[in-house]
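Notes to accompany the following structure.
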């Protein structure tokens, strides 16, 4: 183990590739193994949670959507707290360890709910009078989900960054090793995701929820053991403060001095080097400019939240449609509803490979210069895909519900495969809009604020989940007035009019499309210009030095 600053320059003899020194691939092999088992555990749980709550806790549509959205939103929002605690107090190693332990405790509680029948209501599938979970059953469930959300907040902002800490990026070899690490990290993530969405989800749905939850719980335990075993090989950086605090300082100082001129009236507020003694009362110009840059990016992020809402709707309401569709193939094989989550990933992978191989390489071969879609074009395609996703989902739901009512059955005779188009379109939303917005945040902020880019992205995901929950509750309360059945149909979607909800979602996406093109898109060009000028200024300062 080695503790130190964020640079290898403190010890010129330290080599990441040295077998006698910490860091490098000697440490990364433990980190990648830990990451693979941790992602296998978390994705196995997330992928099928909607099905578990519906089939084992008898949750009706509105409550289920609220639980999933609030849990997902809180997990994303907790990442900000995890990043702050890591940067200011604990450091990434301890934050990862404590986060993993918290997630393990949460998974153990969920596994216990699958083992002990009294911890959940009697199973009710397709029946009219289903028994809802009581308060103490929900309390235990929520305790497990809360611990997992807290754990996710500690793991998400630190896992990649901790791996990057193991390489000396001031050298060409270190940068090359870091790029290789990112490739292997993505490979381990994809491998874990495929196993989680196929094998584990199948076991949970068709064999046993006890075994299906015991597997990810065991995987997380193994990941913690591997992570601790590799402790001696890690380079562990000391906490060095957070850029988030600097942003809060700017807001605080501006609030205190909002009626004063932008001059330093009292020279005692500066130290011998000309820097503010109290950062909460006086801030540097660079800190102010960083905050202004962030505020200028908010309009684009708001457009992204609308896209993320569409993605969230498919992971909750879309899965509810899958539960009430015919999942038996002509061969007799039963498709787990959770497998529908594979469709967005497949659509995303197909698009990326098609774009990079066919479009980019072919345009380079024909014109001599690779042509890529601009950031604005990709966001627009994502916005259109979001509208198309809601419209297609509405048509398919109308067909599914009509067939179910005609046959008088809880499950519609319509094949679950008919839902593939809406899930695939959800994947295209991620491939175009989500990826473009993440790229926008990462490339337009200075290097010192790259962690802020990830934080804003997680906040956007969190806001999308919370807004989805709010939208569902408003629609539910509005449409059930006068003794009418809610559009979301309670325990049985066949009794509602979910297609109307999707129509409304399409209208919201249309408004979001207009908002982006009439207002927000101009901030992409503005941010690019500001960022370019900032980099030029930085180069000038370096030349002067």
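Using the three backbone atoms N, Cα and C, a Cβ is placed for every residue, glycine included.
Annotation source TrEMBL lists region 'Disordered' at 1-22.
The transmembrane segment annotation in TrEMBL covers 63-86 (among others).
Annotation source TrEMBL lists transmembrane segment at 93-115 (among others).
The transmembrane segment annotation in TrEMBL covers 135-155 (among others).
According to TrEMBL, the feature transmembrane segment maps to 184-203 (among others). Within the same chain, residues 28, 32, 35-37, 39-40, 43-44, 47-48, 160, 163, 211-212, 215-216, 336, 338-339, 341-342, 345 sit at least 6 positions outside the transmembrane segment (184-203) and bring their C-beta atoms closer than 8 Å to a C-beta of that stretch.
Long-range neighbours of the transmembrane segment (209-230) within the same chain, counting only residues 6 or more positions beyond its ends whose Cβ lies under 8 Å from a Cβ of the stretch, are 27, 29-31, 33-38, 40-42, 44-45, 48, 52, 56, 96-97, 100-101, 103-104, 107-108, 110-111, 114-115, 196, 200-201, 203. According to TrEMBL, the transmembrane segment annotation covers 209-230 (among others).
Here the transmembrane segment (291-311) has long-range neighbours at 247, 250-251, 344, 379, 382-383, 386, 389-390, 426, 429-430, 433-434, 437, 440-441, 444-445, 449, 452, 456, 460-461, 463-465, 467-468, 471, 505, 508-509, 512, 515-516, 519-521, 523-524, 526-527, 530-531, 534, meaning same-chain residues at least 6 beyond its ends whose C-beta is under 8 angstroms from one of its own. What TrEMBL records for 291-311 (among others) is transmembrane segment.
Long-range contacts of the transmembrane segment (339-358) within its own chain (CB-CB distance under 8 A, at least 6 residues past either end) are made by residues 47, 193, 197-198, 201-202, 311, 314-315, 318-319, 322, 373, 416, 419-420, 423-428, 430-432. Per TrEMBL, the feature transmembrane segment maps to 339-358 (among others).
If you look up TrEMBL, you'll see 379-396 (among others) marked as transmembrane segment.
If one looks beyond the transmembrane segment (416-441) by at least 6 residues along the same chain, the residues whose Cβ comes under 8 Å of a Cβ in the stretch are 297, 300-301, 304, 307-308, 310-311, 314, 318, 321-322, 325-327, 335, 337, 340-341, 343-348, 351-352, 375, 378-379, 381-383, 385-386, 388-389, 392-393, 396, 399-400, 453-454, 456-457, 460, 524, 527. The annotation transmembrane segment is assigned in TrEMBL to 416-441 (among others).
Marked as transmembrane segment by TrEMBL: 453-475 (among others).
Counting same-chain residues at least six beyond the ends of the transmembrane segment (501-520), those with a Cβ under 8 angstroms from any Cβ of the stretch are 299-300, 302-303, 306-307, 309-310, 313, 317, 379-380, 383-384, 386-387, 390-391, 393-394, 397, 471-472, 475, 487-488. Summarising the annotation, TrEMBL assigns transmembrane segment to 501-520 (among others).
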In the same chain, residues at least 6 away from the ends of the transmembrane segment (453-475) whose Cβ sits under 8 Å of its Cβ atoms read 61-62, 65-66, 69-70, 72-74, 76-77, 79-80, 83, 156-157, 244, 294, 297, 301, 304-309, 311-313, 316, 437-438, 441-442, 445, 486-488, 501, 504-505, 508
Spatial neighbours of the transmembrane segment (63-86) not adjacent in sequence (6+ beyond its ends, CB under 8 Å) are 46, 49-50, 53-54, 92, 95, 99, 145-146, 148-150, 152-158, 239, 242, 244-245, 312, 315-317, 320, 451, 454-455, 458-459, 461-466, 468-469, 472-473, 488
